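Colleague: OK, Swiss-Prot features for this one:
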type: BINDING; residues: Gly39, Ala40, Thr41, Gly42, Thr43, Gly44, Lys45, Thr46; note: ATP binding site
type: DOMAIN; residues: 26-414; note: domain 'Helicase ATP-binding'
type: DOMAIN; residues: 431-597; note: domain 'Helicase C-terminal'
type: DOMAIN; residues: 626-661; note: domain 'UVR'
type: MOTIF; residues: 92-115; note: motif 'Beta-hairpin'
Amino acid sequence: MSDHFQLKSHFKPAGDQPTAIAQLCEGLEAGLAHQTLLGATGTGKTFTMANIINDLNRPTIIMAHNKTLAAQLYGEMKEFFPKNAVEYFVSYYDYYQPEAYVVSSDTFIEKDASINEHIEQMRLSATKALLERRDTIIVASVSAIYGLGDPKSYMKMMLLLKVGEKVDQRDMLRRLAEIQYTRNDVDFSRGTYRVRGEVVDIFPAESSTFAIRVEMFDDEIERLSIFDPLTGAIEKHIVRTTIYPKTHYVTPREKILGAIEKIQEELKDRRAQLLSANKLVEEQRVTQRTQYDIEMMRELGYCSGIENYSRYLSGRTPGDPPPTLLDYLPDDALMIIDESHVTVSQIGAMYKGDRSRKENLVEYGFRMPSAMDNRPLRFEEFEAISPQTIYVSATPGDFELDRCVGAIAEQVIRPTGLLDPLIEVRPVGDQVDDLLSEIYKSVEKGERVLVTTLTKRMSEDLTDYLSEHNVKVRYLHSDIDTVERVEIIRDLRAGVFDVLVGINLLREGLDMPEVALVAILDADKEGFLRSARSIIQTVGRAARHLEGRAILYGDRITKSMAKAMDETARRREIQHAYNIEHGIEPHSLAKKILDSMDVGEEAGPKDNLRLIRKESKKVLSAKEITVQIKQLDSKMHAYASDLEFEKAASVRDEIHELQQQLIN
């Protein structure tokens, strides 16, 4: 373990990178709160980020706008910093249905969730690293702005063990129960402990590879060891250790009792309000639900939906921001917001969506008004609590440009000498046939192709058409989960197929050096998917290939197209001049095809639709088919009740296939 970052790379900063690194580091040292790294696609923005982290030597959080990009960044940062703590913090839900009330049909939907235990372990590992180490990098999604347990309560509940310390074994086991560890002498797994005479084995909640053995003699800790929970082999003896709570939401007993008093006071006031408004059903509902929760908290220390009482458990006043991952960051931390033109707006949107759902729950007596404070941060709260920030994007948004006037580091030169892709405009009339001929040419040269369309229907039809013409093609759509999306991108790079079709899923941050051609169909249809920013991002997917080019199909050149083409031409001019001046011969980027998403593979959801589909393709017995049909039937109804009708229809088709197998 080191207090200093140790960057490992075969490359040195090149092109614009040294200038950008120096400018941003100087700005941070000078105390600038906001800076922007405007880096063209393929210029090595991630490597620049890694060098800034290494030179600055401060704990860092990198925020991405989705799990796919976060997984890619996590994999790259782990490569750059193998000896430091690189952690991953995203939502641990494989499936999440928040509680909601549909007024029109008088339907209450209970909270339902499937938690990915591997991701939960990585979240706990992330906060542990922040509390214990300076050399920590957290790669996070917008999950970082959602309520998390209060860090003060969390730290207060930690169990410290030292060799030679006097401790009663029963007291130690009681403390383990308080931090929600469960005793299991048979199945020793994460978040459990087992007792064998005077030996207590503890499997830390934040660990996947090691456990702690506490050996006692009478009432004294005689030895502490780290061992492999699978083989039982002792790895090393230690002098002290800290056992962290099993969940971030653990709360000391006295705080729970104090919170119960305040909850009862609020319940009394709320009942009076509802009765005075003659809302008898709502009054009965909120009384029954809240009193049940109070009894659970009093007896067990927690209840289902305890996060709805987080205002009282963390000692906040009404309207105060909830504690989040950002509260675990030290004061001198650094924040990097990747693909900021998307991530910033996403952070701002989280609060509004959450609030509208909660208002119904409160109004109709399913929750008390204090539940409104269990929420993500508002954007202004996020800004207030954020440390010094660097926004990273090839196309920064207006927000970043306004905040960073005079503090923008431009990175246009690629270390590989590659120029921005050539852009060509062709008519829409025969776009599909023209595209097919271009695909044939590219595939013959061993290149990959990305095609982006405007609608899901067109993507599906185009995929079918290309497939009928012997093109190895896949369609990337919104129903595909995070893990499978990464697999599809990896398969494209590996040459399992040659063409990937999508709508707006092919833009930010996807790193595919094998892609030489990007085709944008109906590029002259102005709108969000065909804005200048979107076109620049999409065209940028071909910027890592020597033969990189883009075809925009349109019967006219819109303002957005013109702006994107002008910016690309400007960059090409700068890049070409630099290459001539320094005698650089452009070459394609060679990058290993890594499985950066091993963060999600280990504990993928067993009921994942993708896995069920794979299973359904196998030859199954009649009994197995019947069991699968039952599983899929319940899943179909669940999707339908969540108004996810496309997924429900997809599951229905799977059921029909299985029923056909059963008949045959």
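Backbone N, Cα and C define each Cβ position, glycine as well.
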Colleague: Rank the binding-site residues Thr41, Thr46 by how many other Cβ atoms lie within 10 Å of each Cβ and give me the one with the fewest.
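Modeller: Ranked by other Cβ atoms within 10 Å, the binding-site residues Thr41, Thr46 bottom out at Thr46.
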Colleague: Residues other than Gly39, Ala40, Thr41, Gly42, Thr43, Gly44, Lys45, Thr46 within 8 Å, Cβ to Cβ centroid, of the ATP site?
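Modeller: Going along the sequence, the neighbours appear as Thr48, Ala394, Gln411, Arg414.
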Colleague: Check each residue in the chain of Gly39 (ATP binding site) that is at least six apart in sequence and keep those whose C-beta is under 8 Å from its C-beta; list them in sequence order.
Modeller: Asp16, Ala20, Lys45, Thr48, Val392, Ser393, Ala394, Glu410, Gln411, Val412
Colleague: Based on DSSP, tally up the residues of the motif 'Beta-hairpin' (92-115) by helix, strand and coil.
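Modeller: Across the motif 'Beta-hairpin' (92-115), DSSP assigns the residues as follows: 0 helix, 15 strand, 9 coil.
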Colleague: Test of understanding: give the count of other CB atoms lying within 10 angstroms of the CB of Thr43 (ATP binding site).
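Modeller: Its Cβ shell of radius 10 Å holds 30 other Cβ atoms.
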Colleague: Quick one: what's DSSP say for Gly39 (ATP binding site), helix, strand or coil?
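Modeller: The residue in question, Gly39 (ATP binding site), is strand (DSSP, three-state).
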